[in-house]
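Take a look at the structure below.
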Amino acid sequence: MGSRESHLYEKPSEKLEEFIQNHLRPSEDCQKDIDQSVDTICEVLQEPCPSLTVTGVAKGGSYGRRTVLRGNSDGILVVFFGDLEQFQDQEKRQYELLSKIWAQMKHCESTWKLAAKMELQNTNRSSRVTIQLSTKQQSITFNVLPAFNALGLSEKSSLWSYRELKRSLDMVKARPGEFSVCFTELQEKFFSNYPSKLKDLILLVKHWFQKCQEKLINSSLLPPYALELLTVYAWEQGCGAEDFDMAEGVRTVLRLIEKQEQLCVYWTVNYNFGDEIVRNILLSQLQAPRPVILDPTDPTNNVSMDNTCWLQLKHEAQNWLRSLRQNESPGPSWNVLPASLYITPGHLLDKFVKDFLQPNQTFQDQIKKALKIICSFLEENCFRHSTTKIQVIQGGSTVKGTALKTGSDASLVVFANSLKSYTSPKNERYNIIKEIHEQLEACRQEKDFEVKFEISKWKPPWVLSFTLKSKVLNESVDFDVLPAFNALGELKSGSTPSPRTYTELIHLYKPSDVFLEGEFSACFTKLQRNFVRSLPLKLKDLIRLLKHWYCGCEKKLKQKGSLPPKYALELLSIYAWEKGSGAQDFDMAEGFRTVLELVIQYQHLCVFWTVNYSFDDEILRNFLLGQIRRTRPVILDPADPTGDVGGGHRWCWHLLAKEATEWLSSLCFKDKSGCPIQPWNVPKKRVQTPGSCGAGIYSMVNEMHLLRSHRFLD
């Protein structure tokens, strides 16, 4: 595209919406005239006639989906005949039925009073009948197609219709998607459920495609329907809101086009993996060469088959995205993967993590440099004319090595010598945050960074946060700044905290009071970081995979209840690996399945470690015994014994368990030959822990525990 079009897409979202309104969306008057004309034609086609047994007419194409561009567009009128008893009948009798439709329409043509101008065309000896409806600013050409009514009197699809579809395709050796027109009513219904602004985004993408067609060879071979579905997928996976940033939306679609070699898009609203015949159709389609975009109404219809056109569109998308600002990202887009984890075969999970979940190493190096500058600046400049001194340490997934490519979180924990205890006054914490906020602003202005450094607006008493973004990639990390009491003091590498560190905390612990479990976990950030940082790289990739899975669950289930924290799954992943594998290299699918099996069995979980605290101290021992007797699941933070991220009934583990159960049917847990992948053997063995001095032994039967100090195991 030329520079004028590139500048168009650089405009703010509100300008794009204005452009759509003024140039892309059909005028209301034109749309109304064409709608009235179409309704009249449909009524005529359904009038009783000796030669026609019409049971209904469906509206399809761009017209039926309500994605018509101003100017010239397309539509389909699907005429269902009652005497067509199976899919293949429409092919056998196409010539005959089109001839009858043509005769009926010509007979009635002179009596019609249409709001739009109509032109009938019958080409190639009645193998094609078209109706062109025109107004002053709009023209829509409708193909008229006879079809078998696959839905019958129902408004929904049925297993029978898809089984019969497969049988008919095999019988007449028709190409996949040959009979997709029979499901036009479902297609119309599918698009009717989406907000009008999403359809405006579709218009913008189709407009971009039209501009591409003007300069590309064979681009017409790709149906616009493929790009419409890709746009719906981008919105569903990345946004889902009725109101959104139009510029972000179009960037997201173009970035997906860039990744066309990995695209695999499908829906399960009309069909799913439950029936064996349909499942086999789906699996065959989803394992075909990319790109794959399945018609949500017909599982045999891959609408993205033309690879040549996709390569050309990829080139155009890359040119557009890179033409905006040299050496800088063209702007934010939604976080949408080109393929779903659910349909990724087990032997390809390592590649999935590498391609889609691991952060870019160059960006990670830039983050490390930026954090080094920021931490040094804060330590040198905060409270320069005061006795208060601070130490800044990094926490969260970035420093632990478990960050995702997008949406990663991290923390800067600020230890100040003015915070003398866990419960230091809140006004002292406020003063620290206020000073850090001022110095962060100074640091951002004075220092040069290889990344974008954005500080959020801070309003006390809310958390102070900032973001580091790549200037080239669609990657970023969000940081929270947390003032904390330095409970560990100058803890030497490899040593464990003094029991006194925890006994002071335990004395504050009152489950029924305002004290929140794990409220002071920031004080133990260094221990949390060290616990994970030393683990094998592949285990960190398993953690990434579980976090990605969790994010999908969170998006799906957020309206139904509060899910347990991601940290719980991180700890379960470590537990599963330590008890079930322990190898540096392992089968990713086996590890993934093992963790999901643990989630399913959440009502029996009791997981804890003794690397930083143990049963040796009496106060700690009594407290730990109380913790591990609590309602399951129990998953204790290895750095903070008051932090139970299992939480018993506190979170909706049952929702996560239900989702995990459904996922056991996914391709993730099938090997190359289609056989089920088994989980690791994580035993539910009797584990014994010592009671208080000489008081006997407390047994927990059929519970799952982990103690890195194996002296407590049977």
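Every residue, even glycine, has its Cβ placed from backbone N, Cα and C.
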Given Swiss-Prot lists Arg544, Lys547 for ATP, the same-site residue among Ser397, Ser411, Ser418: Ser397
Alpha-carbon spacing, Asp409 (Mg(2+) binding site) to Ser397 (ATP binding site), which is rounded to whole Å: 6
Arg544, Lys547 as binding-site residues, winner by CB count within 10 A: Arg544
Collapsed DSSP category at Asp409 (Mg(2+) binding site): strand
Candidates Ser397, Arg544, Lys547 (binding-site residues) - the one closest to Asp480 (Mg(2+) binding site) by CA: Ser397
Listed in sequence order, residues not in Ser397, Arg544, Lys547 with Cβ within 8 Å of the centre of the ATP site Cβ atoms: Leu357, Thr402, Ala403, Leu404, Ser408, Lys540, Ile543, Leu546, His548, Lys566, Glu570
In three-state DSSP terms, the structure that Asp480 (Mg(2+) binding site) belongs to: strand
Number of Cβ atoms other than its own within 10 Å, given for Asp480 (Mg(2+) binding site): 17
Largest tally of Cβ atoms lying within 10 Å of a Cβ, found at which of the binding-site residues Ser397, Asp409: Ser397
